[in-house]
């Protein structure tokens, strides 16, 4: 069975339960394993496909709600007489809330189920989005109400990706996780495109309020459909008792958490995700300015749209490719490393080529290639955390995402300093390449795909409990 697990040949849901449940455990450990299989049965393939589409749509709506404020910020600043500093304060407040709930969202998802956390959070941030215009118009100080609203949006949306990772690790077969995560991850690019096009149209025709109303109400409707048709109307109640009991989870002390973080493979995924997130946030933040400074006569819709159109099929292709290789018997760790090599290694080649680019079409082509290849990380480090610690994948991904978010903001600020100090965009692109290579070398050297949330001396798996 260990050989089958290593080479990824188990594809049926019934066999996956055998793969993740050692048969040689006895006594209490055996009881824990029985409980694990009862509560963590993989989805049948038809149901997994339904959930893939639903989660894709949910991530799309997540970004529609998230990007609504940046799209409407100029109109709102004109109406409420905000300065650039006040506008930046409103937009930046989202980040601080977003960082604070990553680990908590993953921890709760690991304990009670990612679908419950996704449902409750989507209903909450959807309602908050729809209620934003009301807060802006009826509050005597719109700048404070909008800053608070964005901070709360960050808190509520911060649990989304850790919950996705937790849900995927519990319910999806190893050989299909790459496709699900890459497909759902492409929802972020799709949402950015949808709100960029439809949102701009609604802004011109019906005013900025309509952008918040539509994106917020659609998100609430999405949450209702999950509750009604996928959860069959069962109440997504999260009680203190359920958190303490943890459902199927056995308990692992803080001592075992420390042991987990001492694993080289765990440190590798954290460092690699930190580097990936930092470079992605930097590219996302500074590319529009790069195009405006270097090609002032270029049309904004070209460089703001084309790279994301490339990123969507690229993300889907990476998921299909990784799952196909694993199902054909290739080593899971080798496949994860290959995907990350494309994401951080090959993409860095095109990033460096931007240093000497002199024409607008060439620059758009290189940026599109860079952003498209970056999406391969959805089938690399983002899935590898589920290979290593499926019992606590949500909480561990929350740690990764928190580190990535903080480091991303620092690198964005530092890149601005480099631009002012050197007057050259080549310094930023070189910095991105160096950070990418550090993460890639770390991942290639230390990444594994075997489970590490287990006590090898006792022959049974542990599940994290704080």
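The backbone N, Cα and C atoms fix where each Cβ goes, glycine too.
Listed in TrEMBL:
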type     : residues : note
DOMAIN   : 51-451   : domain 'Major facilitator superfamily (MFS) profile'
TRANSMEM : 50-69    : transmembrane segment
TRANSMEM : 89-108   : transmembrane segment
TRANSMEM : 117-136  : transmembrane segment
TRANSMEM : 148-167  : transmembrane segment
TRANSMEM : 179-199  : transmembrane segment
TRANSMEM : 211-231  : transmembrane segment
TRANSMEM : 265-286  : transmembrane segment
TRANSMEM : 306-326  : transmembrane segment
TRANSMEM : 338-359  : transmembrane segment
TRANSMEM : 395-419  : transmembrane segment
TRANSMEM : 425-447  : transmembrane segment
Exercise. Please indicate, using numbers and ranges, the residues of the same chain that are 6 or more beyond the transmembrane segment (148-167) and have a C-beta under 8 Å from a C-beta there.
Key: 55, 58-59, 62, 65-66, 69, 90-91, 93-106, 108-110, 113-115, 117-118, 121-122, 124-125, 128-129, 131-132, 135, 181, 184, 382, 385-386, 393-395, 397-398, 401
Exercise. Mind checking which residues of the chain, 6+ beyond the ends of the transmembrane segment (211-231), have their Cβ under 8 Å from one of its Cβ atoms?
Key: 50-51, 54, 57-58, 61-62, 64-65, 68, 71-72, 115, 118-119, 122-123, 125-133, 195, 199, 202-203
Practice problem: Tally Cβ pairs under 8 Å between the transmembrane segment (425-447) and each listed stretch (179-199, 265-286, 306-326, 338-359, 395-419), then give the stretch with the top tally. | Solution: 265-286
Quiz item: To the transmembrane segment (338-359), which of 50-69, 179-199, 265-286, 395-419 is linked by the most Cβ pairs under 8 Å?
Solution: 265-286
Quiz item: Are there at least 3 C-beta pairs under 8 angstroms linking the transmembrane segment (117-136) and the transmembrane segment (265-286), leaving out pairs fewer than 6 apart in sequence?
Solution: no
Quiz prompt | Leading contact stretch, 50-69, 117-136, 179-199, 395-419 vs the transmembrane segment (306-326) - CB distance under 8 Å | solution = 179-199
Practice problem: Give me the mean pLDDT over the domain 'Major facilitator superfamily (MFS) profile' (51-451), rounded to a whole number. | Solution: 89
Exercise. Name the range, of those listed as 89-108, 117-136, 179-199, that has the largest tally of Cβ pairs under 8 Å with the transmembrane segment (395-419).
Key: 89-108
Quiz item: Of the stretches 50-69, 89-108, 117-136, which racks up the most C-beta pairs under 8 Å with the transmembrane segment (179-199)?
Solution: 50-69
